[in-house]
Amino acid sequence: MQLKTSLWNKALFRNLSRNIMFLTVINIICTFILVPFSYFMMDVEGTNNISKYIIGSLNTAGLYFFGAMIYAGLSGIFITYFFKGQGASDFIHSLPIKRYRILNTVYLTYFTHVLLNLLINGVITLIFGIKFNGINIEKVLIWVLLSLLIHLFIFSLTVLLGLLINNYLSHTVGTIALLISPVIMGTLIYTTHMVLFKGLSEYPTVLLNDITIPVKFMEFVIADRYHFVYLIVVFVISIVMIALSYYAYMRRKNERINEPYANQFIYLIIYFIMLFIATMLGGLIFSSLFSEMKIISLIIYAIAFTVAFILMEMISQKSARITFDKRLYITSFAIVAAALILVFISGYMREQFIPDKKEISSVATTFEDANQIYMNQSLLNDTKVSNQAFIDSVVDAHKQLKNAKKGVYNNDVAVRTIHIQYIMNNGRVVDRNYEVFEKDYDNYIKRVNTEDNMKALVTALDLSKHKKDQISITHEVNNDSFTGDSMNNKQKEKLIKVLETSIKERSFNSNLEAGKTKYSITFDYEHVKSNGMVTESGSYDVPISIYDTKLIQFLIDEEIISEPSDVLKDGNVYELPRKTSFEHVRNIETINEVKGAKKIDRKEFKRMVNAQQIDSKGQRIFVIDSPEKSFIFIK
């Protein structure tokens, strides 16, 4: 017999249990495979990738917690079935059970099933500890607590939305959308800025992930690093949502059971979020084709909103033939339009923003034409310069650059990329990436590429921070393949000193750019946060010029080559006529374009190189006929 003072109802408990029992069975089986059984999988594979804090393999931990989120969401949808149909709702609410006891029973039923799964698989894992190392009661308890936390968050949110949404499809879509809406909306907003405005390409990935709890939680699991304060915040948010669910249930009107939503205000909020996301996505897909035609872009956004509105109405009215609500359409359109206007205004303000010179601590910018040896992502382009004159010239050039027309890759005119990164005095980073036509690119480079700026740039170059990078000497075997010799710590220190000296002593001129060899220095780097997450990774490739005598001597000292001529590219060698202008031939595709080019013996040419007859100011020009031509000047 049910006690009058009981906070839950036994009959309702059994009824709700039947609704999620099949999900619980699947959850128990999947948990067994992903947690206890993962030790056997690691044993077979010969790996030992276990967590420092929880039980199970790190390879499967992410999948386990992702599955836990899915289980919590589906259970929250199925266990609140009586909020979705009039018959079930009338039956449940006709019983002599107070509403708070009904909701108590909902939570008790779910967490009984959750604890059953955790208890079964936790005990099994402890038993496996007889055979496998790294299993103890502390890890089991932490695993249980983390599991309960993510179950609590997802389930409480799903139940809260279930009290506000009266059909399964809208409930499912709304829950998913709300869970990941911060990262989705943030990404869409910043992508809109990137497509419609100039220079805007960075995403605040860290911030978006931090405010999207499922994403941040999965980051913790994968990195095997947990932030206690963040987890406490998640717990507090979950408790608040549970309190709100009781508040909403006590004021929920049963007569709205046949309406799409239990509350008109919630109806508008959910509509706004869903329509805003759908409108942004639809507008982005098509307006990117007309980014320079603002009026057409606005029309596309209006069409995207209308299509999204009709689809939302089909879902809420459960029919392809809908009753068109003009008032709801106009209200939603006004809200979404206002939000889009704010997005466009914020994008325009970001596009026009250029930091004040006095507030800038340092700046890194595209400096490629100062030395074409360093193309794309390069050491020099990424070197942060604190010289005030350098900063002033970059800011002045940036002011002109922001008025340049956005480059279009479908055009016959070449499009080049300019990168500017300001480090502010307060630590803030302002990143800009412009895709502009070649004329605007050249104008920018002319403003920045001055002799004083060159000196400031190479003076600011500090390669000591790259000692932890993976450094290798890369050797071109043929046109499509390369091989590399990795440097040990001692070789790294020596190479970095030689390279830094070589760059700082080198004068920047086109003759030096032309003397490329088949050897280069590759820096593979990773930027790792304190929590172990890799925030950025990539590589710098620094080609070695035939005029880099110090670097070539380093290769000889380390027995990578035996003589200077070993660095020469493969191919036939030609001497060009004495009066040939290098600027006229530097971009030739075939040697046949040069009249009077004379083929010479490659062995004889190698002897001249080994005899140190090369001179960047020499009058005799030789070219190695390879896919990427190498021009060498001889005394």
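From the backbone N, Cα and C atoms, a Cβ is placed for every residue, glycine too.
Same-chain residues lying 6 or more positions outside the transmembrane segment (20-41) and placing a CB less than 8 Å from one of its CB atoms are 55-57, 59-61, 63-64, 67-68, 71, 74-75, 78-79, 109-110, 113, 116-117, 120-121, 124-125, 128, 131-132, 135, 143. Positions annotated as transmembrane segment by TrEMBL: 20-41 (among others).
Under 8 Å from some Cβ of the transmembrane segment (61-83) lie the Cβ atoms of residues 16, 19-20, 23-24, 26-27, 30-31, 34-35, 51, 54, 89, 91-92, 106, 109-110, 113, 146-147, 150-151, 154-155, 157-159, 162-163, 166, 168, 171-172, 175-176, 214, 217-218, 221-222, 224, 257, 262, all in the same chain and six or more residues away from its ends. Residues annotated as transmembrane segment in TrEMBL: 61-83 (among others).
The transmembrane segment feature in TrEMBL is assigned to 104-128 (among others). Long-range Cβ contacts of the transmembrane segment (104-128) within its own chain (Cβ-Cβ under 8 Å, at least 6 residues beyond either end) map to 7-9, 12-13, 16-17, 20-21, 24, 27-28, 31-32, 35-36, 39, 55-56, 75-76, 79-80, 135, 137, 140, 143-144, 147-148, 151, 155, 159, 242.
Proximity of distant same-chain residues to the transmembrane segment (140-164), defined by a Cβ-Cβ separation under 8 Å and at least 6 residues beyond the stretch ends, is recorded for 35, 53-56, 65, 68-69, 71-73, 75-77, 79-80, 83-84, 103, 106-107, 110-111, 114, 118, 122, 125-126, 171, 174-175, 178-179, 213-214, 217, 226, 231, 234-235, 237-238, 241-242, 244-245, 248-249, 252, 261-263, 266, 270. The annotation transmembrane segment is assigned in TrEMBL to 140-164 (among others).
Long-range contacts of the transmembrane segment (176-197) within its own chain (CB-CB distance under 8 A, at least 6 residues past either end) are made by residues 73, 154, 157, 161, 203-204, 207-209, 211-215, 273-274, 276-277, 280-281, 283-284, 287-288, 291, 294, 297, 343-344, 346-348, 350-351. Taken from TrEMBL, the feature transmembrane segment applies to 176-197 (among others).
Per TrEMBL, the feature transmembrane segment maps to 228-249 (among others).
Using a Cβ-Cβ cut-off under 8 Å and counting only residues 6 or more beyond its ends in the same chain, the transmembrane segment (265-289) has close neighbours at 164-165, 170, 173-174, 177-178, 181, 184-185, 188-189, 191-192, 195-196, 296-297, 300-301, 303-305, 307-309, 311-312, 328, 331-332, 335-336, 339-340, 343. Feature annotation from TrEMBL assigns transmembrane segment to 265-289 (among others).
Below 8 angstroms of C-beta separation, residues 167, 169-170, 173, 196, 260-261, 271, 274-275, 278-279, 281-283, 286-287, 322, 324-325, 329, 332-333, 336-337, 340 of the same chain, each at least six residues beyond the ends of the transmembrane segment (295-316), sit close to that stretch. The transmembrane segment annotation in TrEMBL covers 295-316 (among others).
Feature annotation from TrEMBL assigns transmembrane segment to 328-349 (among others).
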* Asked: Excluding the flanking five residues on each side, which residues at least 6 beyond the ends of the transmembrane segment (228-249) place their CB within less than 8 Å of a CB in that stretch?
  -> 99-100, 102-103, 107, 146, 149, 152-153, 156-157, 159-160, 163-164, 213, 216-217, 220, 262-263
